[in-house]
Amino acid sequence: MSTGKEKMKGKGKDGGGNEVVLCSFCGRGSDEVSSMVAGPKAFICDRCIMSSVEILRKEISAIKPTAQAVSQPFQPRLLNPKSIMESLGQYVIGQERARKSLSVAVYNHYKRIESQEWVRDDDDVVIEKSNILLIGPTGTGKTLLAQTLANLLEVPFTIVDATSLTEAGYVGDDVETILARLLQASDFNLERAEKGIIYVDEIDKIARKSANVSITRDVSGEGVQQALLKILEGAVVGVPPRGGRKHPEQQLINVNTRNILFICGGAFEGLDKIIGRRVAKASIGFGTAVKAQQLESDPEILKEVSQDDMHEYGLIPEFIGRLPVISTLDPLDSKALRNILVEPKNALIKQYQKLFEMEECELVFEDKALDSVVEIAIDRGTGARALRSVLEGIMIDIMFELPSMSGVRKCVITEAVIAGEGEPEFYYEDGKKKKTA
């Protein structure tokens, strides 16, 4: 009986007196195959080599479509303006004018990017980037609009608070930090990041204190506006790969901001007074001061905003010029807040109902209870943001107790619960009702 070592070496000699060796994989002898490749301690025949090649070819062909898909240029999901506006309406209640303005601006922006691939080098018409400025009271949906747009178009998105930004060399975040966050949101895929959306919140907070030029440094106001100019318009900016400050020996990622859409938003408190005074001055006759006061209290006055008004508020002309699309949002009345509670796809009431559903319990809000939530939110004066804080305060105790309660199948929130004068109604498997947690 031959050993494994003897098998590997061979099994004797062939008719011509040559030593016969065996394939280490299939066991065929060299006299049965066309050729045999020798390794340090093994042999492989031509048949096994061909079989291996065929197996590898099949595996590579299965992987190849994915590899091709990865190598294809990234293209945002482009929808027409009507589709964008309708999709925004599923998440943002009201604000038709702002939704329409945003839909057109975003469509034109990404259509412009798409056209860059086939536009001729000698074409005299170059479509410039149109960044967007959203003006409206707090809690009216500015951030939600930007976030929903990014989700809809399937592009990277990041939110930056303008109040955290300072000029280079001062304590705080450089403007390059904005791009670092967008890179992180795109998993450091540079091509995706360069077609993303950046929402700069509280942009009104970087307005300088007056329209007059000051000799003192304003490191978080006009200085930040100046620093933002180049990335708003389009420039190649060196960004630290993991955020933070630059240092001389650090390797930077060059990000081209030419195709990044910037959406800036702010409440701009006091802007209505500036607009009211300007519009009143344009009128002829007595009572200009009285008319100015009337205009200031008009909720529609923000629609009359002009670039001169923005300059008087404290934004420098160069900065205003890089935000050519200005859209205003309306204050939310009680009807709008009521609809926000229940109508959007991700409405607050639906979110709480989903949480209760996980506990196999149905959550029901009576109509009067919802009306009470809206009244409290209006008194707080922070728009839709107040709705969540009101509901959290009411629901926290209920959600604390519910997982420990067995057999509960339904929970009803009444007006008395919202007012803090009653307990929710719990219905059990046997149909019995109990008004306590």
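Placement of Cβ uses the backbone N, Cα and C atoms for every residue, glycine included.
Residues or ranges marked as Zn(2+) binding site by Swiss-Prot on the basis of sequence analysis: Cys23, Cys26, Cys45, Cys48. Sequence annotations record features per position, and here Swiss-Prot assigns ATP binding site to Pro137, Thr138, Gly139, Thr140, Gly141, Lys142, Thr143, Leu144. Among the features that Swiss-Prot reports, domain 'ClpX-type ZB' is placed at 11-64, with the record citing sequence analysis.
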Count of other CB atoms lying within 10 Å of the CB belonging to Thr143 (ATP binding site): 17
Least surrounded among the binding-site residues, given as Cys26, Cys45, Cys48, Leu144, when other CB atoms within 10 Å are counted: Cys26
Cys23 (Zn(2+) binding site): tally of other CB atoms within 10 A of its CB: 22
Fewest-neighbour residue among binding-site residues, criterion Cβ within 10 Å, set Thr138, Thr140: Thr138
Cβ-centroid neighbours of Zn(2+) site Cys23, Cys26, Cys45, Cys48, 8 Å, sequence order: Ser24, Phe25, Gly27, Arg28, Val33, Met36, Phe43, Ile44, Asp46, Arg47, Ile49
Tertiary neighbours of Gly139 (ATP binding site) (same chain, Cβ under 8 Å, six or more apart): Leu332, Thr382, Gly383, Ala384, Arg385, Ala386
Inter-residue Cα distance where the pair is Leu144 (ATP binding site) and Cys45 (Zn(2+) binding site), in Å: 65
Cβ-based isolation winner (fewest other Cβ atoms within 10 Å) among the binding-site residues Pro137, Gly141: Pro137
Candidate nearest Thr140 (ATP binding site) in space, where candidates are the binding-site residues Cys23, Cys26, Cys48 and distance is Cα-Cα: Cys48
Spatial neighbour of Cys26 (Zn(2+) binding site) that is closest, considering only the binding-site residues Pro137, Gly141, Leu144 and their CA atoms: Leu144
Neighbours of Pro137, Thr138, Gly139, Thr140, Gly141, Lys142, Thr143, Leu144 excl. site residues, C-beta within 8 Å of centre, ATP: Gly136, Gly265, Leu329, Gly383, Ala384, Arg385
For Cys23 (Zn(2+) binding site), the one of Pro137, Thr138, Gly141, Leu144 that lies nearest, given that the binding-site residues are compared by Cα: Leu144
